[in-house]
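Read the structure below first, then the notes.
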Amino acid sequence: MKLEYILKDIEIILLSGPEDVEIKGLEYDSRNVKEGDLLVCINGANVNGHKFIESAKAKGAVAFVIEEDVQKDDKLTYIKVKNTNEVISTLGRNFYENPSEKIELIGVTGTNGKTSVASFLKDILSQDEKCGFIGTIGIFDGKNDYLNKNTTPNNIEIQKSIDKMIKNNCRYCTMEVSSHALALKRVENLKYKIGIFTNLTEDHLDFHKTFENYRKAKESLFYMTTSANIINIDDVNGRIILDNIKTLKVPYYTYGINYDATFRAKDVELYEDKTVFSLLGPNDFERKVTLDMVGQFTVYNCLAVICACYVLNMDVNEIVNRISKLKGVNGRFEKVENDKSIHVFVDYAHTPDALDNVLKSIKTFARRRIITVFGCGGNREKEKRHLMGKIAQEYSDLAIITSDNPRYEEPNEIIKDILVGINKEKENYIVIVDRKDAIKEAIYTAKEGDIILIAGKGHENYQIIKGEIVEFDDKLVAKEILDSLNE
Ligand SMILES: CC(=O)N[C@H]1[C@@H](OP(=O)(O)OP(=O)(O)OC[C@H]2O[C@@H](n3ccc(=O)[nH]c3=O)[C@H](O)[C@@H]2O)O[C@H](CO)[C@@H](O)[C@@H]1O[C@H](C)C(=O)N[C@@H](C)C(=O)N[C@H](CCC(=O)O)C(=O)O
Ligand SMILES: Nc1ncnc2c1ncn2[C@@H]1O[C@H](COP(=O)(O)OP(=O)(O)OP(=O)(O)O)[C@@H](O)[C@H]1O
Ligand SMILES: N[C@H](CCC[C@H](N)C(=O)O)C(=O)O
Ligand SMILES: [Mg+2]
């Protein structure tokens, strides 16, 4: 595509070098640059992207969008703007020709449940037409799966992925929209058909500073939608957001258990291996639903999905038929099968609220002891650590405190923060720094009928220690230890 077209609507301070350039690709990371690409240089939190101009040149970059003065090469093009991060979404929109308007984009935001809701929705919609996916567990472009470093990637990555989805004949794309992405303008210039709100509890205050900012970031998704906003009104923040967006032209739909909503679940029954409730919907719809998944939060996630499918004009009975067949999501309350009569679950709960929810659900069906293995990630919000310690101890017969992606922090220092929330007079907790040893201890001490929850890492197949990524998969580790009991 001609450079001129890519620069449409961009406020340029200075353009130097050839103007009539053909651009083959758009990149924000020098490591991915190919011959003929344009590199957008971002002065980031860790490094200054302008530093990589020389290496991008060596790889064949022909143009650079910059915000600082750099050493120039006469044969190449430099476009200086005020803030590169702020123009990136317009560059992406121009280069990929407004991809979000050519697909039915559904965004899911909230503290917990984004991956679950976006994945369930993709599973259901894909039964009729192709659906792409962007979220924590990866990107699906209609043909291939890719790993994804962020829950919601950089804007160029998003628009490039949606463009691929369109080329691969996807009608829909479901995507998780994190609060970081909303605050950092990673989703600007995208049009969402539907926006879904799951819930809001304290998280990421290291980044947003105040809860109000955090809520506002989440709320901004609902001003980017064209067809519908779907809100969980059992959540107090959902009700606040609803009040704020009620006057918008875009219609809103609600879901919940405790309040009268567009879709409401009544008489919820939680079991070890299933969940049952009565679904109430528009036009006096009422039907009993049995889910092949466990936990009260699963009911909320399914209500959000039901509501979105309804907005997409699917027959409610058909939605329920499909929901009843869902099996869950990778690393979300996933059972590790074994023949020891110990119930081992791997779950991605890595926030106080998620841990509280998952343990509360387990409590409702636990017949014997609950053993919880968990830790807290390094270089992330410290405030959550003591809260998670308190919650794990409160609901568990044994809480095993261990490591979860210490990143650049000292594992023992993270554990110290968790221990602040632990009542030392009780003897129902131990510290085992090595995660594999912690899982081993849980399995070795478990007796028939006990439940082990291994929380925090879910689908992750790595540990980040001192910035290095080391192979580690809770499910595989647990399975290996369980199998070794037979030897
Ligand atoms: C604070 C934050 O959000 N940082 C994100 C941001 O990094 P940054 O702009 O500061 O990047 P940087 O590493 O300083 O590099 C600057 C520039 O140089 C480029 N570069 C870098 C190295 C190189 O060799 N060549 C090169 O060109 C980089 O691509 C970048 O364009 O842009 C990067 C690329 O898009 C993101 O990967 C990175 O997310 C980091 C990894 C991160 O941890 N983010 C978390 C806080 C986050 O965003 N989390 C939310 C979800 C959280 C949740 O819901 O639980 C998410 O959406 O993932
Ligand atoms: N609706 C919900 N409410 C509360 N907790 C939930 C809900 N859905 C899932 N959980 C719990 O939170 C964990 C994370 O779920 P999920 O991955 O769907 O959330 P997420 O919002 O995508 O998280 P992330 O911000 O890390 O991407 C699950 O493993 C489960 O324990
Ligand atoms: N999207 C979240 C995931 C946290 C997962 C947990 N295992 C951890 O490393 O803290 C983050 O990067 O903050
Ligand atoms: Mg997620």
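Using N, Cα and C of the backbone, Cβ positions are placed for all residues, glycine too.
Whatever TrEMBL says is automated annotation, not expert-curated.
As annotated by TrEMBL, ATP binding site applies to GLY110, THR111, ASN112, GLY113, LYS114, THR115, SER116. Sequence-distant neighbours of LYS114 (ATP binding site) (same chain, 6+ residues apart, CB-CB distance under 8 A): VAL108, GLY135, THR136, THR151, GLU176, VAL177, SER178, THR198.
The meso-2,6-diaminopimelate binding site annotation in TrEMBL covers ARG380, ASP404, ASN405, PRO406, ARG407, GLY456, GLU460. Taking Cβ-Cβ distances under 8 Å and a sequence gap of 6 or more within the same chain, the neighbours of GLY456 (meso-2,6-diaminopimelate binding site) are ASP347, TYR348, ALA349, HIS350, PHE374, GLY375, CYS376, GLY377, ASP404.
According to TrEMBL, the domain 'Mur ligase N-terminal catalytic' annotation covers 22-96.
Annotated domain 'Mur ligase central' per TrEMBL: 108-309, in sequence order.
Annotation source TrEMBL lists domain 'Mur ligase C-terminal' at 331-458. Looking at the domain 'Mur ligase C-terminal' (331-458) alone, the prediction's average pLDDT is 95.
Residues or ranges marked as N6-carboxylysine in TrEMBL: LYS218. DSSP assigns LYS218 (N6-carboxylysine) to a helix.
Residues or ranges marked as motif 'Meso-diaminopimelate recognition motif' in TrEMBL: 404-407. Broken down by DSSP into helix, strand and coil, the motif 'Meso-diaminopimelate recognition motif' (404-407) contains 0 helix, 1 strand, 3 coil.
Through the fold, the motif 'Meso-diaminopimelate recognition motif' (404-407) approaches residues 350, 374-380, 414, 435, 456-457, 460, 463-467 of its own chain, all at least 6 residues removed from its boundaries and within a Cβ separation under 8 Å.
The record gives GLY110, THR111, ASN112, GLY113, LYS114, THR115, SER116 for ATP. Within 8 Å of the mean position of their Cβ atoms, the other Cβ atoms in that chain belong to VAL108, VAL117, GLU176, THR198, ASN199, ASN301.
Taking a C-beta cut-off of under 8 Å and a sequence gap of six or more, GLU460 (meso-2,6-diaminopimelate binding site) has these contacts in its own chain: GLY331, ASN405, PHE472, ASP473, ASP474. Cβ neighbour count for ARG407 (meso-2,6-diaminopimelate binding site): 16 (other Cβ atoms within 10 Å of its Cβ, all protein chains included). Neighbour counts were taken at the CB atom with a 10 A radius for the binding-site residues ASN112, THR115, SER116; the maximum falls on SER116.
If you compare Cα positions, GLY110 (ATP binding site) sits closest to LYS218 out of the recorded positions LYS218, ARG380, PRO406, ARG407.
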